[in-house]
């Protein structure tokens with residue numbers, strides 16, 4: 001009897017929270033605050049790096065922090081205005097405002113995969129000429145397909161197109177997770193083979209291991225959640241009345257990974273003799 005009563009109460013409590021404007025606003029404003037904090041940290045770190053090595057221009061490290069600043073800043077603004085975003089017409093622009101920062105997040109962390117791939121290839125005396133063109137091509141294809149899906153959704157806003165768009169987002173997340181597993185794993189194994197007495201070996205090994213684990217897990221969770229989001233209305237992330245689900249989703253797949261990665265990669269580059277920080281051409 002007690003078990004059945006608890007089962008009946010739980011859904012009522014959950015529905016009350018989901019349908020409460022107060023809980024919705026609290027959840028979205030909390031997300032806006034957290035995203036704003038991560039954006040601020042990324043900006044501060046970018047300024048510190050620029051003051052440390054201004055002569056190297058826009059290095060991969062600087063671009064990574066700049067994109068973290070932009071992505072998290074835009075997310076913060078969107079969540080501050082989340083209730084207004086839900087009223088934007090035509091509806092396709094709601095999808096763009098909510099989904100585009102996720103694409104930019106993919107590009108930001110794909111840049112980190114590129115950085116590690118370059119280090120790995122250079123250490124193995126292999127050519128890195130094809131890495132950057134591949135990075136630009138992959139991102140170009142991802143953005144082109146997503147824009148086509150948005151246009152199709154605008155032209156024919158049916159449930160099947162929404163599912164297709166979300167499944168494509170899940171696929172890009174899985175691709176990013178596998179990228180971290182491939183190049184983060186390769187770099188980690190290569191560092192393990194360095195002599196134990198190598199300067200900085202242990203610290204770099206931990207750095208690569210932690211970041212690989214965090215980013216792989218984050219993108220994998222996003223992939224699973226986007227699949228659920230596509231087929232289960234109870235897991236819909238694009239509505240106002242799932243504030244708790246939204247809070248924990250964005251916390252786990254973007255905020256916590258970004259904050260941890262920025263903390264782990266907080267070390268400033270040396271002033272001279274740097275070879276691994278290449279300008280973006």
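In case you wondered, yes, glycine gets a Cβ from its N, Cα and C as well.
For 11-281, the entry in TrEMBL reads domain 'THH1/TOM1/TOM3'. Annotated transmembrane segment per TrEMBL: 28-51, 63-82, 102-121, 133-155, 167-189, 210-231, 247-265, in sequence order.
Contact check: the transmembrane segment (247-265) against the transmembrane segment (133-155) gives fewer than three Cβ pairs closer than 8 Å, residues 6 or more apart, which falls short of the contact criterion. Among the listed stretches 28-51, 63-82, 133-155, 167-189, 210-231, the one sharing the most Cβ pairs under 8 Å with the transmembrane segment (102-121) is 167-189. Note on the domain 'THH1/TOM1/TOM3' (11-281): its mean pLDDT in the predicted model is 87. Long-range Cβ contacts of the transmembrane segment (167-189) within its own chain (Cβ-Cβ under 8 Å, at least 6 residues beyond either end) map to 99, 102-103, 106, 109-110, 113, 116-117, 119-120, 142, 145-146, 149, 205, 208-209, 211-212, 215-216, 219-220, 222-224, 226-227, 230.
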